[in-house]
Structure formats: structure tokens, C-alpha cells
Amino acid sequence: MSEFRAICWSTALLGCAVAFGFCSPVLAQPGTGFPSGEPRLLIAQTSGTVLELQRELNRLGYGAGPEDGLMGARTREAIEAYQREHDLLVDGRASGALLSHVRATAQARTPAAPVPLPPGFVPVSQLVADIQEALRSLGYDAPAPSGRLTEATRDAIRAYEADRGLLVSGEPSAELLEHMRRRIADQQPAPAVDADTIAGIQAELRRRGYAIAVVSGRMDTQTREAIREYQQGRGVPVTGKPSPALLAELRAADAEPITDPVVTRDQRAAAQRILNARGYGAGPPDGVLGPRSRDAIRTFQADHDLPPTGELTSRTLELLGIDVASEVPVAEPRPFRVRVHDAFADGDYTRDPAWRVASGQFEVRGGGLTSVIVPPSARPEDIGRQLLGGLLQQQLGITIPGQESAAVAYLPTRITQEFRVTAVVSGSAESFGHIDLGPYASDILNHGYRLSYRASQTRPLQLLLVDESGTSVIASARLDAASGRSHRLVWERDGDGRMRVSSDGEMLIDVVDRNLESDFEGFSLINGGGEWTLHEVTVEDRR
């Protein structure tokens, strides 16, 4: 009955929309507000199907991310993992058919009425789940406890058995679980590690070429494996656990006197090519020493009676036939050139330079370019308008004037991969405060590398990569930018993909990302909530 009423309401509202002219040819025309060929803004819409899939997949242990109804990278990866394990077409798409399949799987796993079991008997699914939990507690790369005996679980069991000198079988058993629990009981409880320490470790490991996709401040499988690989290369006990001591060691390593020569990226790439030619499988010759390259270096070093450090030491380079001494000194980088500068001193944002407005309203006041975006009103007289607006957006892709969800201004100008953005901004303290700025890629104003501030987040300053696959958080930091006072943000990216972000002279983010290789089409400013003022902006790049 409730579904019938919902359909009736939808039909009635659409009828009202037609009657009141909301669906006129001009309003319904695609791209209203964006002339042909102009950049556009893609705004994510929540989906009930995506929300339900996130809930069900999270219950099944697939890690679909926040249950917000938005289709992001983590949700897509969880869908693909589920589809792969159940022999479905792997397309990463959310659909009603997939949701029905996931619910059927979850229902099938719901335990039936209890059956009397022999004394001491442990159901296999519970045994496997307990072993998975124990493996994760001990720092091994095991899946989240699900009771499914996957190949990843077997690999983790084999790794534990090999480390403990047990018969390597990869099979779960009650005896194995008891052995693991004794090991856990013998360990001293480790103090909780704060998010800043974890983020620092992730940033340091990422700089060294380890497979850290996101500097999030949260422990995950990739971080644990990267720590284990680093510890293995240093010849220290392999735990896979973060700690303040580990972070201090990583930072101290940078401060130690360099006994081996500084190896350039071209020399690292040459080493990778030579290792590949000799059958060591070092991966693509890109000059980045990732896990495959370090494994190849360790194997090569072991074959030549060298300490297997995984680093390109002087002796390793000599055996590979690479002469560091003959390397031509690296030229100083060319100076930055100014692409955009505006301090809004003339009170006019429409000329010199000429900002273009894609959505919302802007004005020069308070010493800069100001815009205001507030959440939809909750007053009873506005409920019908909001409901109609949401229905029109969902069914027809139409936005009612005055209901813009973001204020967007941009400056078209070619920006290279090496850039520096200096921006002075101030904002309000509402919990919904959100501002996003940076160089945009292609013709989509919120795609590319973006510096985003969300007041509702624990680490509100986020460095993002946004593309067709979704949004990925590269790094994040704490910053109180919505306090009302202005902050001077400096964001610089060099030719190796290293990005550093500082606020008022304090370094907040230092990370490497090379996922985007093409130049950018311009600079955009997006107010997603609150009152924000851009007091001054300078965009520079190198050719």
C-alpha cells in the first residue's frame, strides 16, 4: 500500500510540474546554464539502491565505505569484489538485480534453527571467522571475519604457519586457532595509535614508493602490508603494526647522513630495465621503487651475496653496470610563471581576470570573492517545493532555480602538471561548511586534483583525486579553516608528482601521486556549503 501511495505522489508531483511550467522546453533542456562547449559541474546524487547495497555489502564484510548512497571508489570496489566471488559480470555497477542477489546471499547465510552438535564441535564457518580475526590481530593480511575460506585466508594461514615453524598447509583447524590465541595472549597490549601517527607513517612509506593508495590516518590492509615490507627490508621484527617509534624511525632515516649516492629517477628506471632484462621482474621502468622493484632488487642482491635491503646501494648499482659518478648534474627547475592572479582590489570579478560563474551567485565584498550556500529550509511552506525539486532532479535531471547545491566560479587557463596555487580564504563555522578549489581536468569543473575542506570531517582538509571512477582521498589533515579568520594556503606539485600543502607556513600534507598525467584546463572554486570568501589567489605553473 505504501508503494502505491508513493507512486501516486510521484505522478501527482510530476503533473504539478508540468502544470506550473517547471518542465518547459527551456528548463528541461540539457545543460541549462552551461553554454555548449563550456565546462560543467558533475554533482553526485544519492541513490536508494546504492545505499542499500552499501549496507548489505558492509554486513557481508566487503567494506563498501560510508553508507551515504553515493557511488564512490570504495563502493565500486566492493561491488566488483562481490561480483567476482559470485561469478557475476564484473562491472562495478549498482542495480536492483544486484541488490536482490546480495540480499539472497545474506539471507542464505542467516543461521537456521540450532541443531544439537557433538561436544566440542565448532562449525567450520565460525572457526574460519575466528581464525581470520586472530590473523588480523597478529598483523597478517587476512580478510575481514566472514567465515568464508577464501584463497586470501589460506595465504594468511600459510604465512602464519611459515613464520611460526609449523607445517604449512593453509587449512583451518581448532588446534591452529588455539595456537594463534596463545600468541595473542603472550603479546603485550599495544597502546592505541592516533590518526596523525598513522597518517605520518602512510605519508613516509608512500614517499618511498610503497603501495599506499590513500593517506587516510586509518589502518588498512595496504598500510599493514607496506609496514611489513618495510620492516622486512630493514631486518627488524615483522609486525605490520604502526607506532610512534616506527614513524620516528622513518623520519630519522631521512635525516641520517647519506653514505650511498643519491640515485635519480632516471637511474632507478635504468636499474629496473636491467633487472627486467636479467629476468628479475622489476615491473615497469618508471623510476618508482614499488614492491615488485624492491623484491627484484632483494633477489638480485641475495644472488650476489649482498645484504637484501631492497635499496639501490653503491655496490648494487655497480653490479648492474650503472655509473652514478658519470651522471650529469640535475639542472635547477625553471621558475614558476604566473597564470592567474586576482586580489579583487578593483571590486569587479568579471574582468582582469574574467571569472565565469557556472552556478550560484558571487559578489566582491569583505575583501574578496564571496558566495553563500545554505541547506534547504526546513520550514513547512518550503517542503512541497523541496519535494518537487528533488523529484524533478531525480526523474528528469532538472534543477528548480534558487535550489542550486553549489556556487561555482572558474577561470579557463592552461595549467601544466607542475603547478603552485596560493589562496587566501576565510569561511563560516557551520557544520555544513564545504569549499573545494584547484585545477580542473577536461571540461568538468570538479574533476582533477582538488583541495577540499569539509567542516564536518575529523580531518577536514583533504587532497582529492576526482575522475570518472569517483573520488579518492589522497591525503588529509586537521585544519580549522571555518573559524572566520583567513588562512593562506600554498599547494605545490613538482614534476615527480610530489604535492605539498601548507597553511600559514605550517606543512600539513606531503604526498606523492602520479595518477593524472595530462595538463589542466583551468582553475575552479566551488562553494558546497556555508559562506566563503576567496581574498586572493595566484596560480603558477612550469613549462
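Every residue, even glycine, has its Cβ placed from backbone N, Cα and C.
According to TrEMBL, the protein carries these features:
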type	residues	note
DOMAIN	49-98	domain 'Peptidoglycan binding-like'
DOMAIN	126-180	domain 'Peptidoglycan binding-like'
DOMAIN	201-250	domain 'Peptidoglycan binding-like'
DOMAIN	265-320	domain 'Peptidoglycan binding-like'
SIGNAL	1-28	signal peptide
Secondary structure content, the domain 'Peptidoglycan binding-like' (265-320) (per DSSP, counts of residues):
33 helix, 0 strand, 23 coil
Tally of DSSP helical, extended and coil residues in the domain 'Peptidoglycan binding-like' (126-180)
32 helix, 0 strand, 23 coil
Here the mean pLDDT of the domain 'Peptidoglycan binding-like' (201-250) is 81
